[in-house]
Each structure stands twice: as C-alpha cells, then as structure tokens.
Amino acid sequence: MAKEFDLSDGGANHQKPKSDDDVMTTAQGHPIADDQNWLTAGPRGPQLLEDHIAREKIFHFDHERIPERVVHARGYGVHGHFELKKAIPQYSRARIFNEVGVKVPTFTRFSTVAGNKGSPDLARDVRGFATKFYTQEGNWDLVGNNIPVFFIQDAIKFPDLIHAAKPAPDRGFPQAQTAHDNFWDFISLSPEAMNMVMWIMSDRTIPRSFRFMEGFGVHTFRLVNEKGESHFVKFHWKPKLGLQSVVWNEALKVNGMDPDFHRRDMWDAIDAGDFPQWDLGIQVFDEDFAEEFEFDVLDATKIIPEEQVPVEIIGTLTLDANVDNFFAETEQVAFCTQNIVPGIDHSDDPLLQGRNFSYLDTQLKRLGGPNFTHLPINAPKCPVRHFQQDGHMAMSNPKGRVNYEPNSWGDGDGKEEDRGPRACPMNGFTSYEAPVTGPKVRVRSETFADHYSQARQFYISQTPVEQTHMANALTFELSKVERVSIRQRMVGHLRHIDDGLAQEVADGLGLAELPAKVPAAREPITDLPESPALSILKNGPDSFKGRKLGIYIAEGGDAGVVKALKDAAEAAGGMVEIVAPHVAGAKLSDGKMMEADEKIDGGPSVAYDAVAVVMSEASAKRYNTDKPSIDFVNDAFAHAKFVAYVPAVQPLFETAGVWNWMDDGFVDVSSGKDAASNFIEKCGKLRFWDRESVKQD
Ligand code: HDE
C-alpha cells in the first residue's frame, strides 16, 4: 500500500489555521479538514462522488464565468465621487445639479468596444467612459465614450455595426481591430459613419491612458427645471491632466509589452494617491438654437462645436479608489442609459431611444435575472421601496403582508408598516411633456442627411502632425482590407471630406487613380470653420504632471544626474521608474546600488512618456549590441520622445542609429540639476513632433 503524506504545502505548514476565524469552510459553512485531496477508495483507488467538499469546489469553479459584454467586454472600473461646483437650478431640478459641495459617490468603468475581455488595452478603438452616480434620488448612469459622435444614427443598425467590427464569424479573427474587410465594407456602405471615421482614425483611439482622455455623453439629453421647463444638454468630461495619445507604432509595441497598459496605469496612479480628475461640462441650448443649428441635434453623428455653444464647467469627478474585487465591481456593474433622475430626461435621438431598450435587456442576460440591482455595485445608495419581488437570487426581500397597490392598509385599520410605499407626484420623476405628432414611418429624417461637413471640420481642425497620423491610419487600415473595391469606395468618401487627404491615402494604397466621389445624400457645407477644441495637440497640458519618466541606468551611471532627473520629474508631479540591465539594479558612480523597477526588456521606452539614459562609457559599450537597450533608445527617437542623456552613452546611441540625428528633443543633462529641470520643462510638450518630418538612416 502507498504511503500517505501531506502534499498540500510542501510540508512547510503554511496551510494550518492560526485561529478559529481562519478555518476554511464550504459554501454551506462546514469546516474543511482537507481540500487538496479528493476522497478516494484507497490511496490509489477511484474518486468517490460522495465527496461533497470536492464536488462543491469544482461545481462552483465550473460556473465562475458570466457572459462577457457583447460590446465593451474589456473594461476597468474605479470608484470616486462627483462634487458640484456650480448649481444650475435654472436648467435642472436634479439634486445632483443643485447641491454644491456634496460628494456624490460614483463608479466609472472605462472600456474598449470591439475586443473580448482578454484583448489588449491599446487596440485602435473607441473607449467607453461610463459613470454611475449614486445620487440621493437614485442612480444616474452617464454611459458615454471618449468620442462625442457615433458611427450610426439609428440603433437598429447597431448589430450590423458590431458584427462587422468583431472577428469574422467564419474564422474568428481579427481580434480587437477594425483593420479588416468586414468593418470597412460596412463603413464604406454607411456614409453616416464618416464623421466618426475621422475621429477613430485620429490619435483619440490610441490614448496614452484613461487619465488623459475626454469623455462625452454623445446624445442630446434634456435638463428639466422645477417649473417643468426644458433645455437641451450635451455632457462633456474634461481631464484635468489634459489630452494625450501615443503614436501607432508605439501602440503596437505597448500591446506586446503590456496588454494591461491602461488598467495598470489607472491602478498605479490611484494606488500612488495621484487621483485623476475630470471636470463635468455642459453645453446647454434651447429649441430655438436647435432649429437654427446647421445639423439636427438629435443626430448622434454630429457635435455642437464648443466655439458655437461653450462648455460650462459645473463640477468635478475624482477617481480615488481601486476596486476590492474586479468581478464583483467591474464585471458586475450594470449601466443602463435609462437610469436617469428627476431633472434629467431623454431626447428623441433614435440612437439613445434604442439604447434605453438594449442596456436593461443585456443585463438580464449577463447577470442572469432581474435582481441585478441587489448587487452592491448596482444598488442605489438611497432608500429603495417598491412592490417588485422574487426572481433569481432575490437578496433584499420586503417584509410584511402587502405587495400590491392600491391598498388601504394603515388607513385607520391594518398595520401601518404593512402599507408599503406610495408614488409621489410632487417629487417623483415626471417625463417632460414633449409634443409628439406624425405618422408611424420607417424612414431616416432628411435632417440627418449631411454626412461629410463635420467630418471635414474635424479634419481641418487638426494640426499637420495629427492630419498625417490620420492619413497614415487610414492607409494602414485599408491596406489590411483585401478587396480593392472597398479601398476605392472609402477613398471615394474621403474626397467629400478633403481631396488632399483622399490623394494621400490613394497614394499610400498605391491606387492607380483617384476614385470618383461616392454619390452624396446631401452636398456638404464646405465652409464650416475650424474648431480648435477638436485637436489633441492644440489642447496639450504643457506640463509633465501625471506623466512617467523612464531612466535607463547601468553600472557607473552618474548618481547625481539620476537624482537630479528624479527630483525634477517628481517636482513637476511626474512619476519615475528606474530601468536597468538587471532587475536588482545597478551600482552607480557613488558606489551605491540603485534598485530597478524594471529589467530593460520588461521596461522598454514605450512604457514611458519621456526617457533618460545614464550610464558610464564602459556600460554603453557593453550594452551597445543588446537589442532591448538599442530598442529603448531607437524607439524613443522614433516615437518623437524627449530624451535626456549623458555624453558617455555615445557607443549605445551610435548603434541605436540616433547619435548623428540628435535634435532639440535630446537634452544633455550631465551638468546636473538645472539641466534636468530644463529637460522636464521641455517634456511638458510631451513629444518633439518636429522629429516626425525627419527621415532616419
Ligand atoms: Fe453601448 N452597449 N450601445 N454605446 N455602451 C453596451 O450594455 C448599445 C453606444 C457604451 O462599462 C451594452 O451593459 C446599442 C453609444 C458603453 O459596462 C449594450 C447602441 C455609446 C458601454 C449596448 C449603443 C455607448 C456600452 C453591452 C446603439 C456612447 C459599456 C454591455 C444605439 C454614448 C458600459 C452593456 C460598461 C455597453 C448597446 C451605442 C457606450 C449591448 C444598442 C452611442 C460605455 O447594451
């Protein structure tokens, strides 16, 4: 007979409880003596089905997964609070818009749209920006994106859009990307998408971090005041840290280096107490403006330029706590656009109306029943009273005898507490009494027919660097499309937007001639003015706050220079990571060992907003054939980053092919403190864009 021995912890006794509170139990509360060995008939005999401990453990494991969201599957949630700075009783009676200084708890989930739960963070994609406000009048969900327009005008097209964007059904790829035939086929046959196409081909879809993105409610909503008067509103989130994106080649490399780049960034920032903040802005306008405006305010493929209706800042969102449990919070949170509070109302935007149906429906499937509002992350933080009852997993069940209305309990007879809640016409939610007329029709309003004017406005509002990135993105994506007719059709659309852009993409694709314009439903307005608010680079932060400097050190590096760089970056509100050939770190010129945060191949320059290389000449010679070291320098150059260096690094910079190409984006910091401060100040521009026009060897 085989000898019996304890396999559970290598004999180190880690598995023994320290007190009674430590004792492991089954889900039914039975204390467990051993959950590492299945009950068997003899030490080498068959396993017994009677083992309730093993069977419960495996049963629960088998059911751990819930369906991932059909879109926005990959997301990252964080807690925070919203604080109103300016009351707006003239527009809305919502308490959240009237109680200045009150901290309303929030939960925000950022997401990509197309990829599955395990897809990389830096896919070229729209980012979801959904916030649940736990107000005293119930939950308000502002389920927005980081782009203020959408692909389609009517919710009925959503399944087609998403089918086309997701992996092709026969082969199951490509994952988390739009660079394929189905997507561009659908888009090129849906001219209403053209404004959105300009946005997604811009660097907005490759944000550096969730912390550096704007957010938008997208649709026109209504605000309704105490008197029942309504104004239209568009919601904006403005990041306090400013906007920032990466470049495409960098995004590709980041995805390989760290598929969790964005969620890690958020976790690290919050963990370090560096809480990201966004201002909530509103664009408020009335029916008269809606009548005069060049486009239909119910058309979600259009913006209202900020220069036309300024964004008024009314409050601030602060994200200050990471989740305790990813599944319970980030996975189980259920946003519904229909969750609005008295004082906020919907408009007739056909995309919004369709969403109001879809979100509730999808939660039923995903969370398994109608009681998902009982889950702590979804439960309102104000009193909840109604006669809804039972259902799967009912957890907050009312007491008492009455579960219907009208009822007369408590009106003189019967128990008062049995009476239950009553609807309240005074304070309860009332829909804005918008007049509705017209025949039942299945048509798209003619007021939605202009597909190109704002696409052009977006394009001409960008800096030349951003315009080049857009042309490159379109060329890249369409180069992945196998069918030439789709490439041609897309260029045919671009001709309505900007002939120069169309030509650049046609050249990039090697099209023999410029395709004819696709017939337009309505001729575009060609003289819409530029809107500087649409450019990322025109709205840069001019500061290194919240950004990360990567300092690559090796043996003999000047300790004073490393310290000066660290001090300067931290003084500017930035973070610093030390990268070295070994994770243990390197001995610097002062003879002391400096610990590293990353080994060089785990800390490539794409992980940082700016980099520095500080090592002795001997080290630079030692690592000048080391591929990760060469890539560190070469990529920083190629991605237009600011680079601090000491002259001793020449041997490495030479093999990296940058020594003879050093421009004003390179700063010699060997003289110490002042040079380091000067470097960090330069880094406020985030990238040295002039370099992009220079061709390297
Ligand atoms: Fe969504 N969308 N969507 N969407 N959406 C979902 O709901 C849908 C649209 C957005 O972090 C789903 O709970 C339809 C616009 C975000 O949990 C689903 C239409 C905008 C999130 C759904 C749209 C969004 C979702 C999938 C066309 C920006 C993630 C899982 C009318 C304003 C929320 C879920 C989270 C999620 C439907 C279009 C934003 C299926 C039918 C426009 C941020 O209900």
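Each position is counted from 1, following the chain as shown.
Note: Cβ is positioned from N, Cα and C throughout, glycine not excepted.
Unlike curated records, TrEMBL annotations are generated automatically.
The record from TrEMBL ties ARG69, ARG109, ARG355, TYR359, ARG366 to heme, and of the options PHE151, PHE158, PHE327 it ties PHE158 to that site too. ARG109 (heme binding site) sits 11 Å from ASN145 (active site), taking the CA atoms of both as reference points. DSSP assigns ASN145 (active site) to a strand in the three-state reduction.
Helix, strand and coil residue tallies for the region 'Disordered' (395-422), in that order: 3 helix, 0 strand, 25 coil [DSSP]. ARG109 (heme binding site) has a Cβ environment of 23 other Cβ atoms inside 10 Å.
The Cβ of ASN145 (active site) has 24 other Cβ atoms within 10 Å, all protein chains considered. Cα of ASN145 (active site) to Cα of HIS72 (active site): a distance of 10 Å. In this structure, the CA atom of HIS72 (active site) is 12 Å away from the CA atom of TYR359 (heme binding site).
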